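This report refers to the structure that appears directly beneath it.
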Amino acid sequence: MGNIANKCKTKTSCVRRLRMLCDRLAWRETPRKIYMVGLSNAGKTSILYQYKFNEATTTVPTIGFNVESFSYKTISFTAWDFSGREQLRPLWRYTLTTRRPTVLMQEAAEVLHGLLKVHELKDVPFLVYVNKQDIPTCMSVDEVAEALQLNNVISHDVQVQGCCAQTGDGLYEGLDWLCKSIR
């Protein structure tokens with residue numbers, strides 16, 4: 001007991017040490033960060049709220065970013081949903097400088113390949129959702145993968161997943177892949 005008292009000089013340091021000990025004993029894991037990027041109106045926020053609330057929600061265009069936490073199976077996530085506005089896209093590079101999984105919305109070959117070239121993202125898995133698959137005229141998953149030249153990507157683990165953000169179809173299959181990729 002004397003050893004703990006010697007290390008806890010202040011009340012704040014005692015509380016901090018106790019919290020760290022409790023975290024270790026509870027095997028509490030730090031939430032995994034997900035960065036969601038893509039063009040405007042691609043469905044990033046709708047997907048985020050499907051993850052969080054498991055239902056379709058009405059959204060408004062994102063100005064800046066949204067941050068939400070959710071759990072899936074045994075993993076806690078903190079998702080950063082970035083605006084797809086063209087003026088804000090250059091800022092993605094400075095925000096996405098850690099090895100975090102990235103969920104990328106379809107529609108943006110130049111944006112995707114720009115991110116794939118960022119050195120700080122070299123070990124980051126990319127989950128590309130091909131949203132709006134409920135619309136008959138929407139490109140198929142294979143067509144999008146070919147258009148984005150994703151079959152040629154060797155620098156990252158990339159998964160292309162068809163989905164519908166409004167119904168949730170395909171979202172959890174993509175999240176399953178992401179969970180396996182980050183373990």
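FYI, residue positions are counted from 1 along the chain as it appears here.
Backbone N, Cα and C define each Cβ position, glycine as well.
Remember, TrEMBL labels are computer predictions, not curated facts.
Annotated in TrEMBL:
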- G38, L39, S40, N41, A42, G43, K44, T45, G84, N131, K132, Q133, D134: GTP binding site (BINDING)
- T45, T62: Mg(2+) binding site (BINDING)
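Overlay of TrEMBL annotations on the structure.
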{"residue": "G38", "record": "GTP binding site", "DSSP class": "coil"}
{"residue": "K44", "record": "GTP binding site", "DSSP class": "helix"}
{"residue": "T62", "record": "Mg(2+) binding site", "DSSP class": "coil"}
{"residue": "K132", "record": "GTP binding site", "DSSP class": "coil"}
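The Cβ of K132 (GTP binding site) has G43, C138, C164, A165 as same-chain neighbours under 8 Å, each 6 or more residues away in sequence. When the neighbouring Cβ atoms lying within 10 Å are counted for each of the binding-site residues (S40, T45, T62), the highest count belongs to T45. The CA atom of A42 (GTP binding site) is located 11 Å away from the CA atom of T62 (Mg(2+) binding site).
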